[in-house]
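Reading through the structure tokens given below for one structure.
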Amino acid sequence: MSEALSRLTRWASLFWLGLFAITWALSTWSFDLYKALDARWIIRFPKKFELPLDKWISDAMSWLVEDATFGLFTFRDVTRFISALIEAPYDIVRSLLIDGFAVGQGQQAVQVAPSLSWIAVIGIILALAYHARRRNLVLLVGICFVYLAMFGQWDSAMITLASVLIAVPIGVAGGLALGIFAYRVPLAERMMRPVLDLMQTVPVFAYLVPILFLFGFGPVSALVATVVYAMPPMVRVSTVALQSVPQELIEAGRMVGCTQRQMMWKVLIPTAKPSLMVGVNQVIMLTLNMVIIASMIGAGGLGYDVLTALRRLDIGGGVEAGLAIVVMAIALDRLSQAFAVRRFDAPLNPSLPFHKRRPLLTGILLLVAVTTVAGLFVPPVHLYPEDLTITTGSFWTAAIEWINVNFFNTLEFIKTQLLTFLLVPIKKFFGGIPWIWGILVIGLAAGRVGGWKLGLLAAGLTLFVAASGLWGKAMTTVYLCATSVLIASIIGIPLGIWAGQSARANSVIGAFIDTLQTLPSFVYLIPVVMLFRVGDFSAMIAVVLYALAPAVRYAAHGIRSIDAELIEAGKVFGCTERQILWRIKLPLAAPSLLLGLNQTIMLAISMLVITALVGTRDLGQEVYIALTKANTGQGIVAGLAVAFIAIIADRIVTALARSSRERLGLK
Amino acid sequence: MERPVKLDCRGVWKIYGSDPKAFLARHGGAPTAEDLAAERMTGAVRDASVQICEGEIFVIMGLSGSGKSTLVRCLSRLIEPTAGEIQFEGRNLLSMNEAELIEVRRKKMGMVFQHFALLPHLTVLQNAAFPLEVQGVDKKTREDRARQMIEIVGLVGREDHFPRQLSGGQQQRVGIARSLVADPDLWFLDEPFSALDPLIRREMQDEFMRLQAMLHKTIVFITHDFDEAIRLADRIAVMKDGVIEQIATPEELVRNPATSYVEDFTQHIPRAKVVKLRSVMAQGVPEGPYAGELPGSLTVAEAVDQVEAAPHPFKVLDEDGVAVGTIDGRTVVDVMIGRRS
Ligand SMILES: Nc1ncnc2c1ncn2[C@@H]1O[C@H](COP(=O)(O)OP(=O)(O)OP(=O)(O)O)[C@@H](O)[C@H]1O
Ligand SMILES: [Mg+2]
């Protein structure tokens with residue numbers, strides 16, 4: 001029995017070893033092979049068999065925009081209608097926050113009402129924080145917004161906030177509506193699930209291309225892209241939240257004679273509200289993330305400031321705008337989280353007069369009225385006085401310069417060492433794999449882990465990548481992703497284990513990781529570019545920072561959720577701390593670690609695409625180029641290639657996690 | 001005591017599995033346990049027939065998984081039976097459309113749930129008023145009515161609390177208030193006290209009896225606790241694996257179990273708790289000194305202290321207060337200690 005088992009494990013490790021050895025050999029000598037046999041198809045997918053999918057998509061899009069008609073109206077009319085629908089409320093919010101209300105066009109425009117004063121905006125935000133019943137929160141949010149005013153980021157921040165204020169309600173309402181639909185119609189849920197899966201793996205830039213093509217450059221495009229990006233998690237959260245309302249409550253609703261609508265609005269949604277609010281928080285954070293990225297297609301605001309600063313290599317401006325984004329992200333995140341955990345209010349006493357029933361609201365209305373009127377006569381009340389703003393731009397420029405001057409050698413040393421001994425070899429390894437063998441080896445590995453169906457799926461998706469003529473770039477993506485995930489795991493897992501074992505470590509590491517995770521992905525590029533300039537190495541660092549959080553979280557969770565009795569049993573048998581860690585905790589935490597790995601890979605891939613901005617030569621760059629040329633087909637195909645890589649990785653790691661759970665008898 | 005039938009259910013089946021209707025048809029509408037097992041179907045309720053009379057407390061009892069909840073959900077049509085007929089006040093419940101069903105539930109039925117099923121975002125008062133809110137009753141009327149109910153269940157002073165701020169017993173009181181606020185005729189209770197501690201459970205049972213003495217509802221009460229069943233029931237239906245094994249008064253159940261399962265079930269029940277004086281009394285009332293008179297509906301356990309302490313036997317009265325028999329100390333002690341004479 002045990003002999004058979006050991007033969008089995010030996011055979012298993014032989015399989016993996018063999019696979020790796022062949023891959024390595026082929027990767028090393030593929031170029032020589034091609035030279036020797038004069039067979040270029042070995043390293044390059046033959047041109048004449050390439051799928052012209054990108055051209056087809058581009059043609060289809062052009063047809064949609066130019067010729068498609070639904071009888072009464074054309075496709076163009078539909079996009080115009082959507083634009084108008086989004087633009088109207090956006091204009092209102094923007095007028096309210098910054099521009100002020102005007103009548104007339106262009107030069108003839110006459111202002112009829114001013115925008116809200118900065119004091120009023122801060123007052124409203126503080127009242128919201130107070131309403132969420134968190135004293136500390138009021139302080140934190142107050143500091144954040146006063147920072148934005150004092151450091152001269154107010155206008156950009158308000159433009160960004162306006163986009164958020166429009167995109168979030170649309171995302172939440174749309175997500176909730178689709179979620180309700182999926183909850184009511186199980187067939188719809190089954191059909192939506194793969195679409196949602198794909199939406200969450202397709203890189204953000206890839207959305208931007210067709211949207212840019214359909215809606216043109218400007219805030220509307222940015223808002224559409226933002227909503228498309230931020231809505232899928234809300235759909236999922238809504239469906240799950242509704243599904244997890246206890247059956248008894250639904251029966252109670254039916255027994256008192258609720259109609260379908262009453263059931264939804266009086267029973268299901270209020271009961272599911274705490275979970276729904278988690279979804280709302282997610283929508284807010286994703287919206288902010290995307291609003292920043294969407295500055296590339298005309299969102300304006302803080303993202304635009306960062307983008308221009310990055311392009312001009314204006315260190316000070318970049319860091320300033322970046323910090324403003326950080327501040328805003330933290331404020332919005334904490335605020336929405338506070339609302340998520342807020343308890344239900346006691347009913348108001350209707351006999352009291354309005355100002356006694358709602359003192360906070362009354363105060364805010366007064367504040368708005370007073371500051372608006374006073375702002376007309378005393379400008380500083382309306383706009384934060386410019387000569388009181390503090391510019392830190394030159395400080396940051398100097399600081400970075402100082403670091404670069406004093407630590408140039410150290411930084412450069414680290415960079416070259418890592419490049420020579422890690423990045424370049426891995427790049428060579430992946431880059432050299434001939435495409436045919438690549439397809440085969442993925443299929444074999446996936447099949448071995450998750451059954452022949454998964455194997456076929458993986459091989460098929462890989463074939464798509466190769467057949468689109470993207471093999472080389474895809475391998476660059478894989479190499480960057482693999483390296484970043486490796487480093488993120490090496491840093492993150494030990495941190496997570498430490499946090500899982502010690503409450504004190506956890507409070508520090510947890511806070512750090514929470515903050516890292518609230519930051520929009522764009523922000524990570526700034527310090528990295530400042531210190532390491534452009535290239536693969538900078539990209540890798542940004543990806544590692546962005547993808548670190550799940551590695552830490554899941555490791556900590558895995559360690560923490562181990563049955564305490566098992567650890568006690570280990571102690572009783574006289575295990576040392578070390579043995580307990582290696583023999584009990586780690587094996588039991590393996591499924592959790594694998595789930596963390598999965599999330600790390602997903603985040604790494606999504607970040608990788610954004611690092612195209614700092615000059616990687618992977619699929620992200622392909623999408624980015626497509627974006628600048630507004631080439632829909634190229635963008636979508638490259639985006640799909642990225643999504644397919646993500647899907648393959650996801651399925652393989654999930655299968656691994658599943659089998660490791662089964663091995664441990666966990667369900 | 002002939003009462004009109006309120007809810008009449010005949011030959012009700014509820015089968016889980018793939019295409020249960022076709023399965024039932026294949027087996028001529030009466031599959032055996034083997035048929036079910038062979039096709040991996042679950043017979044949650046099998047051929048159940050019960051008549052629930054106006055004003056009675058009808059208890060359905062059985063072990064976990066025996067199909068009690070499923071049966072009661074068929075009776076209220078929260079789930080669709082696979083086959084069978086259900087008449088509610090002479091109307092066919094199963095052919096009602098959604099609107100009719102909503103109307104019946106709003107006006108005629110109330111239900112209490114095992115885990116209370118209170119809405120977490122509403123206060124005690126709002127929860128109790130919820131059925132009326134759904135019916136569109138104006139705020140003042142419904143809150144007045146809810147306040148009355150809260151008073152009846154003894155929760156005055158907690159109207160503005162949220163469910164999470166209440167103990168289990170208090171939460172179930174809210175559940176009871178809610179189920180009664182629309183003044184239903186038929187009251188379903190699905191293991192209402194099972195989630196409570198034994199002491200509180202007893203207190204709630206007393207409370208329940210007090211309420212019923214006041215309200216005279218028709219009640220379908222589910223429990224897996226035989227003691228609870230005996231305390232409360234006019235009649236008991238014992239279920240096993242979806243089948244109703246016997247329907248009888250508590251006393252009959254103990255004295256004449258229909259199947260060995262019921263017998264096993266009732267064996268450990270102290271007979272004195274269910275046996276009524278009228279069943280063990282000596283017929284006829286001869287001359288002689290008597291210690292007093294006792295109603296025949298009293299159980300032996302309730303009468304034992306009095307009867308045993310007295311120097312003379314007691315007269316036993318029937319429902320109309322006419323003396324029909326006598327009972328002495330030796331007979332009650334025989335029943336108490338299980339000695340057969
Ligand atoms: N939706 C369902 N699908 C499949 N089987 C079900 C379903 N609901 C109930 N059953 C099965 O029907 C049987 C009866 O269940 P039911 O809930 O009525 O039992 P119960 O007597 O109320 O038990 P408990 O005391 O645990 O509440 C059980 O075997 C259960 O597994
Ligand atoms: Mg039950």
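Just so it is clear, glycine is given a Cβ too, placed from its N, Cα and C backbone atoms.
Predicted, not measured: the structure shown is a model, and the values here were computed from it.
Positions annotated as domain 'ABC transmembrane type-1' by TrEMBL: A:153-336 (among others).
Among the features that TrEMBL reports, domain 'ABC transmembrane type-1' is placed at A:474-657 (among others).
Beyond the transmembrane segment (A:12-31), the same-chain residues lying 6 or more positions past its ends with a Cβ under 8 Å from any Cβ of the stretch are 42-43, 428-434, 437, 441, 444-445, 448. The transmembrane segment annotation in TrEMBL covers A:12-31 (among others).
Under the heading transmembrane segment, TrEMBL lists A:109-130 (among others).
Residues or ranges marked as transmembrane segment in TrEMBL: A:137-154 (among others).
Same-chain neighbours of the transmembrane segment (A:160-183): 86, 89-90, 93-94, 97-98, 189, 192, 219, 222-223, 226-227, 230-239, 241-243, 264, 276, 279-280, 283-284, 286-288, 290-292, 294, 299-303, 325, 328, 332, counting only residues six or more beyond its ends whose CB sits under 8 Å from a CB of the stretch. What TrEMBL lists as transmembrane segment is A:160-183 (among others).
The transmembrane segment annotation in TrEMBL covers A:204-231 (among others).
Taken from TrEMBL, the feature transmembrane segment covers A:283-304 (among others).
Annotated transmembrane segment per TrEMBL: A:360-378 (among others), in sequence order.
Taken from TrEMBL, the feature transmembrane segment covers A:454-471 (among others). Same-chain residues lying 6+ beyond the ends of the transmembrane segment (A:454-471) with a Cβ under 8 Å from its Cβ atoms: 44-45, 47, 49-51, 53-54, 435, 438-440, 442-448, 619, 622, 637-638, 640-641, 644-645, 647-648, 651-652, 655.
Below 8 angstroms of C-beta separation, residues 422-423, 426-427, 429-431, 505-506, 509-510, 536, 539-540, 543-544, 547-559, 581, 585-586, 589, 593, 596-597, 600-601, 604-605, 608, 611, 616, 618-620, 642, 645 of the same chain, each at least six residues beyond the ends of the transmembrane segment (A:477-499), sit close to that stretch. Under the heading transmembrane segment, TrEMBL lists A:477-499 (among others).
Residues or ranges marked as transmembrane segment by TrEMBL: A:511-531 (among others). Same-chain residues lying 6+ beyond the ends of the transmembrane segment (A:511-531) with a Cβ under 8 Å from its Cβ atoms: 285, 288-289, 292-293, 303, 306, 309-310, 313, 315, 318-319, 322, 325-326, 329-330, 333, 400, 403-404, 411, 538-539, 541-542, 545-546, 548-549, 552-553, 606-607, 610-611, 613-614.
The transmembrane segment feature in TrEMBL is assigned to A:593-615 (among others).
According to TrEMBL, the feature transmembrane segment maps to A:635-657 (among others).
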